[in-house]
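Working notes, structure below.
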Amino acid sequence: MEWIHDTHEKPLTKGILLGTILISVLPLILLLSGVNFASPIGTAELEGLTNLPEDAIHDTLLRAFTGAFVHLILEWSGVIIAMATAVLAFVQYRITGNSATPIIGMALLSAGFIDAFHALSATQIINSVSDNSDFIPFTWGLSRTFKALILLVGVAIFILGLYRKRRRRNRLVLISSLGFLISSYILIRICATSSHLPSTQFPNQWITRPFDVAPLVLFIVLALWALPKFQKKEKSIFSQALIWSMVPAIATQLHMVFGSSELHDSHFNIAHFLKTISYVVPFVGITVDYLSTYRTQKIRLREIALARNRLEAKNKELNQISYATSHDLQEPLRTLVSMCDLLKMEYGGKFDELGEEILGYITQSSQRMSDLVKDLMMFNQVGQTKEISKIDCNEIVRSIKVDLAQIISENKATIESTKLPTIYGYETEIRLLFQNLISNSIKFKNKNRPLLVSIDSTENDTHWSFSVTDNGIGIAPEYQVKVFQIFQKLSHKGEYDGTGVGLAHSKKIIDHHDGRIWVESDGIEGCTFHFTIPKKN
């Protein structure tokens, strides 16, 4: 489906773009203007902590750990936003079936888990083997590299077209998600158990954090090549927001590579703030996408409901007209048949051979027309029954055999059935269904052998499957769909009686029960009518 219309897409994209650029540049402008974003470390004050009054001790401790608190808040904000993005991505996938959103959402979530480990270990909530002076900057660089790489992998899936087979999309989403999560766990495990981590900070160098150069390059590649190609395939606000999220991501790395020389300095805190913004932008994109999709779906559902109501009204009107017309035709047809019978009785001996033949044609045609009108009236009544009841199919078949006993005897037919289930449905219609199929088998029997009609059933998880099998004349493969169309007669008039409504009537009954009906035959020896009835109560 279309994600949103262009009229909605452009202003929303412009707002995200301008807001993202402004937020990414503003901290640097403020820093150059003299605003200090650094968090006080306070180690000197801690040395004389025991000599301070009790109230002062509390304030001193808070100042000393301000940097750690700010770091934890900024990191954890990004993690929470990544989780929310992943949840919305799967909600969007459930609605639209677009596998791009959950895969990218899980990539962001996996990167968020690395950030969560980085934050919790830095505050000693989770114990790490290495010293914080090495651990914090190393895991920071690792988390940035991991996020860039995992986004690149997620985007590559769609650039390479690995998602195209619809039936494999669920599997692709599952495998990708597990792969991302396992990768993040392995990295967390390695970092947590490594006692010697490389030094990643070089305060007196032009590039103060060389380990942050790799993610900087990867984010630039994502911004200039990978994500734009992805956006061409997945035209959505979310895909565009991913591109704009590279602005704060790149700004983050620039602050770290060329600015931050120690933990919790101004560039360090700005970088962590901008990293959180790089999670916020995709979240805003997926939220706008979700709201747009929801609005579009709501409008379409309203249109479908209106169209359905109009269709039901027209169908009801058509059924009323058809029923009234059929009912009104009955009286003149009965009169015509009665007049033919009276004419034959009073003047039968006075007609010559041609007159007798013409009178016979008139009588047969009138009777055939009367039968057709009756069948049409019954056809139009399907669906008018509203109450579902419990139906014993064994009793239905038994009563039909009693009602058709004379016809069964005249045609030397045998009707047999296995133990049939008790189902839920519209009893009158189910009875007509079995009667139509049994009568159809009798009507189209093979005159060279005794007729055998077998009725069977099997149970499935969601429905009952029935079969009515006979050894009659069969139905050629090219006619096995047409037989369920109204007024379709596959035999010449006079060869077999019928109006061409019976099987169409049967299909309408099955449709009313939300089932399926079809026929199997080699076109030579017999056929089997299959139909299904869903399990309901």
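Glycine is treated like the rest: Cβ placed from N, Cα and C.
What TrEMBL lists as transmembrane segment is 12-32, 68-91, 103-126, 146-163, 172-190, 210-227, 239-258, 270-292. Marked as domain 'Histidine kinase' by TrEMBL: 324-537.
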For the transmembrane segment (270-292), sequence-distant contacts whose Cβ falls under 8 Å of one of its Cβ atoms, 6 or more beyond its ends = 3-4, 8, 12, 16, 20, 23-24, 27-28, 31, 37, 70-71, 74-75, 77-78, 81-82, 84-85, 88-89, 91-92, 95, 101, 104-105, 108, 112, 115, 144, 236-242, 244-246, 248-249, 251-253, 255-256, 259-260
Compute the average pLDDT of the predicted model within the domain 'Histidine kinase' (324-537).
-> 82
Would you mind listing the long-range same-chain contacts of the transmembrane segment (239-258), meaning Cβ under 8 Å and 6+ residues beyond its ends?
-> 9, 13, 16-17, 20-21, 23-25, 28, 100, 104, 140-141, 144, 147-148, 151, 206-210, 212-213, 215-216, 219-220, 222-223, 227-228, 230-231, 267-268, 270-272, 274-275, 277-279, 281-282, 284-286, 288
